[in-house]
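The annotation active site, nucleophile is assigned in TrEMBL to C338. Marked as S-adenosyl-L-methionine binding site by TrEMBL: D144, D172, D276. The domain 'SAM-dependent MTase RsmB/NOP-type' annotation in TrEMBL covers 29-401.
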Amino acid sequence: MESLPIGEEATSNLPLPDAFLQFLNNNGIDPAIYTSGDFTPRYIRLKPGCEEQLEAIEADIGCKLEKVEWLPNFYSLPPHIQIASSKAYQEGKIYGIDAASGAAVSALNVSTGDHVLDLCAAPGAKLCMVLELLGNSGSVTGVDVARHRLAACRTLLQKYSLGDHCRLFVADGASFSLIPIRVHSDFKSLNNREFNTKEDDLLYKEWTSRRPWKERKKAIKEGEKGSLQLIPHDQDPELIYYGRYSGVVGLSKRELFQTVSSYDILKHGYDKVLVDAECTHDGSIKHIQKFENWGWTTLERRVLDAERTDDLTVLQFRLLTNGFKLLKVGGYLVYSTCSLTYAQNEDVVEKFLSLNASAELLEIDGSKCWPCKSGRIPKTLRFDPLTSGTSGLFVAKFTKVPTS
């Protein structure tokens, strides 16, 4: 999972418990990543079209921005610099996103007109970057199981004026089954016959931020209960946002939520799929530092507990499998986690490849000039603070090939 690099200052010389050191040793991870102090830069992405305002933005945030030569529109700044109070951030000219996360998006090779699925979209920085790469074309479907986190994505889209070609669904990414809107236009006459759609059926009008009273009342009750607002796994997707050019406007609910065959998905599925899966976050140095305050027993429960890790790897495999199912033939899928463990990365990839004859692992274009190292499986990549000067991230890229 991605994390927006806007947080507290680093703690140096972090003491690590023996159980965590053994965990690192078992996964071939250098403990110096955590103990040498976090001098990893913070990264921002500059909104396209704002390049001429760079000097003004530097004056605004009070430091020189260093261009990241291997990643367009990315800049690094010292880790102690806060951007949230800056005018440039508040006006949507810059946003925080780690360079490794940007590399994962770059690996998708997003092209004009693509229909992209972000299967674990929250908190939304990668979603914003994909929409920027698409410009005024194609579409992005963002999915997340947590309603409150996806609502934060919606806020980002509105802040950066990036929502016109996007739709957001609260749904279980491991079972989400809706494909791009372009299919509906191809099958519209068929749909009308199949469902006997009438002219006066309720159609989606342009989205408004004003929610019906029943929905607001439900949100208030959930907030009072302290609910995490996770959608039940067997519940239908809930559409919480759609842009005017996302293809939703003018459709009926039946058309939007129709199911299609596996054959139709092969031809009309998503061009690109991003699966930035839930994980133990052990590759995020800032996340591990928090356990010094939370208590190391909390780390043992959240990161080292074998039962929790087993549950996560099952979820990661299901997310990867479902994302690949929704990918059209010839499309690209990127799987990433901010864990550095073999179990959540290479082991998941190996199992997936062994069970999917149409899946092929690809070399990531341009990665030879990226500051990262190869994973245990050739063509997979690993970023970490010592090697890359970024947060930890594992990245693998697949394509779907025709099968007889």
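Every residue number used here counts from 1 along the chain in the order it is shown.
Yeah, the Cβs are placed from backbone N, Cα and C, and that goes for glycine too.
What you are looking at is a predicted structure, and each value in this text was computed from that prediction instead of being measured.
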- C338 (active site, nucleophile) to D172 (S-adenosyl-L-methionine binding site), Cα to Cα, whole Å, comes out at 20
- Note on the structure: Top of the binding-site residues D144, D172, D276 by count of other CB atoms within 10 A is D144
- Message: Restricting to the record's S-adenosyl-L-methionine-binding residues (D144, D172, D276), give me the longest CA-CA distance in Å as a whole number.
- Response: 14
- Those same-chain residues, other than D144, D172, D276, found with Cβ within 8 Å of the centroid of the S-adenosyl-L-methionine-site Cβ atoms are L119, C120, A121, A122, V143, V145, A146, A171, G173, E278, L319
